[in-house]
Every structure is written in structure tokens, then in C-alpha cells.
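Novice: What follows is a structure written as C-alpha cells; I'll ask about it next.
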Amino acid sequence: MADQLTEDQISEFKEAFSLFDKDGDGCITTKELGTVMRSLGQNPTEAELQDMINEVDADGNGTIDFPEFLNLMARKMKDTDSEEELKEAFRVFDKDQNGFISAAELRHVMTNLGEKLTDEEVDEMIREADVDGDGQINYDEFVKVMMAK
């Protein structure tokens, strides 16, 4: 499954993996998974976190290593994001629920994920997605970017 990913996708997933793997030991624990999910406004129980880990923990050691993470991401990409998942993701970014993601909102979520971006990087991300040029990302623009991944 993971062998159908491009090099770009793999390096993107490596970056995502390192956001989760806070201590850099090459494994994602339930604690690390919980930290990231809470920073995104989710509130999973210990049992839910354990279930998520168990779902992809091929070797049964209780953590997710990078190959297991890649398999998870490849599977997730195959069941391309449902409308509901996209709406949920958009809501995470659209803090004031006004239907637009501003540069400030994008920076806020990325900072919560531990991703410190310069103003230029944030502006560049907005520009890439901002089809109508109004300086923010609406839902349709967000969907386009997510589907292009």
C-alpha cells in the first residue's frame, strides 16, 4: 500500500510524523498522539487513543513507527477524504467560524502543532490556496488544496 506513494508524499508524511513524534525517538505513543489531537481541539479518551494506535500498530508494540504511519496515511488517502472529514478539518482552522481561514488562523493552528512558520511562509501557504485573491481561504479553496494532495 505504502509503495504507491510518491517521494514527495513520503517526505510530507515524514514531516507530519515528526510533528507527532515529540521526543524524536521514531515512535508515536498514545501520549504524543493525544497531545497533537488536543492541540487541534479534539478531546480523545485514553481508550480512543489506544484504539487508534492499535488500528495501525502492525508489530503490536503499542506505538506507531514510521512504516506503520505510512501505511495508515496511504490507507487514509485511498478512502479519499469524505465531505464530513473535510468540513471538520476546515472548522479546526476557521477559529472564528466566519467561513474563511485567515493568515492568523492558519498560523495559530500550525503553531499549536509545533510548526513555527515565518509570516512569509504563512502568506505563501495562503497564496497557494487563495484562488479568488481575497487574502484568505474559503471552503471551496480549502477542498481544492486538500484534494490535490
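Cβ from N, Cα, C; glycine included.
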Novice: Based on Swiss-Prot, name the residue from Glu85, Glu105 that is recorded for the same Ca(2+) 3 site as Asp94, Asp96, Asn98.
Specialist: Glu105
Novice: If you measure from the Cα of Thr63 (Ca(2+) 2 binding site), which of the recorded positions Lys116, Asp132, Asp134, Gln136, Glu141 is the nearest?
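Specialist: Nearest listed residue in space: Lys116.
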Novice: Give me the Cα-Cα distance between Asp134 (Ca(2+) 4 binding site) and Lys116 (N6,N6,N6-trimethyllysine), rounded to a whole Å.
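Specialist: Counting only the Cα atoms, the answer is 24 Å.
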